[in-house]
Amino acid sequence: MLCWRTASAISAGSGWWAPCVRGRRRFLSMAKSKFEYVRDFEADDTCLPNCWIVVRLDGRNFHRFSEQHEFKKPNDDRALQLMTRCAQTVMQELEDIAIAYGQSDEYSFVFKKKSRWFKRRASKFMTHVVSQFASSYVFYWKDYFKDQQLLYPPGFDGRIVLYPSNQNLKDYLSWRQADCHINNLYNTVFWMLVQRSGLTPVQAQDRLQGTLAGDKNEILFSEFNINYNNEPLMYRKGTVLIWQKINEVVTKKIKLPKEAEEKEVEVTRAKTKVVPLHCDIIGDQFWEEYPEILAEDS
C-alpha cells in the first residue's frame, strides 16, 4: 500500500516514490526530471585531500558594532568571552575540528587533514561554521552583556584556506598570534593616550605613527606605569581551544541492595571537552605538550 506522499509524488510527476515500510518512508530515485541539468552549473569546491582545512571568520563592520554596543576599550572581557563561547559551540557541533584560535573579532577553526565531513566541500565547511557561530553569538549574548541590549544582529564573513603541511599550519597560527600581539600593544597604548592623557583619536594616532614595539612599551611604562608583560594573557596571546579529557564529578541517585530508599553518590567520569588556553603557540613548547593535535590518527 502506498502512503500519501507516494500518491502526491506520482500525481505530480516528481519522479520518485516513497512506499511506507513498517511506518518508515523510503525514498528512491526513479527518473531524472528535465530540469535536473541545472545541477551541472554547480562548481566543484572539494578541498584537496591531506590538507588542513582552516575556516577563518571575522566580524563584519565590528568597529561600528562595538561602538554602538559600548564595548570597553581597549579590551572588553565580555566580548572576548562571548566569542570564545561561540567558538566552543562550533567545535562541539563539528567535532572534526582539531584546534581553534581566536582574538578580537576573529576565530580560526582547523579541521583535520583527513576529515571527510561534508565530503570536504569548502562551501559546506564555511557556511556551517559561520552560521553556527553567528547564531550562537545572538543566543549567548544575554549571558555576557546582561545590561546591554543587542541592538541589531551581528554579521560574520568567512574564508577557507588549505595548508598541506604541519609546519604551514603552525606558521599560520603563529601569524595570527603575532597579529594579536601587534594589534593589542597598539590599542593598549592608543586608548591610554585617549582615556588618560586626553588626546583625541587623531592626536593619539599621530603620536604613535612610526613607533616600534619598544617605543610603545616605553610610553606605557614611563607615562602610565604599565608593564605590558603584566597585561592579561587573553589580551596578549588570544585564546586557543583544544580538546582535553577532564574528570567530571556528578551526583547520581542509586538504589543499593536491601536499601529501601535511593542514595545520592558522587561519581567521577572522564569526559572530553573543549578547553580554552591563553598561551604561546609560536614556540615549540605548546606543540610538544599537545602532540595529539597534529597526529595523523587524532
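Just so it is clear, glycine is given a Cβ too, placed from its N, Cα and C backbone atoms.
Feature annotations, courtesy of TrEMBL:
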DOMAIN    35-164  domain 'tRNAHis guanylyltransferase catalytic'
BINDING   D58, G59, R60, N61, F62, H63, S104, D105  GTP binding site
BINDING   D58, D105  Mg(2+) 2 binding site
BINDING   D58, G59, D105  Mg(2+) 1 binding site
DOMAIN    167-283  domain 'Thg1 C-terminal'
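Other residues of the same chain near the Mg(2+) 1 site, with their Cβ within 8 Å of the Cβ centroid of D58, G59, D105, are L57, R60, F62, S104, E106, F156. Counting other CB atoms no more than 10 Å from each candidate's CB, the binding-site residues N61, S104 peak at S104.
Around F62 (GTP binding site), taking its Cβ as the centre, 18 other Cβ atoms fall within 10 Å, counting all chains. Long-range C-beta contacts of D58 (GTP binding site), restricted to its own chain and to partners at least six residues apart, with a cutoff below 8 Å, comprise D105, E106, F156, D157, G158. According to DSSP, the domain 'Thg1 C-terminal' (167-283) comprises 57 helix, 31 strand, 29 coil. Annotation for the binding-site residues R60, H63: lowest Cβ count within 10 Å of the residue's own Cβ, H63.
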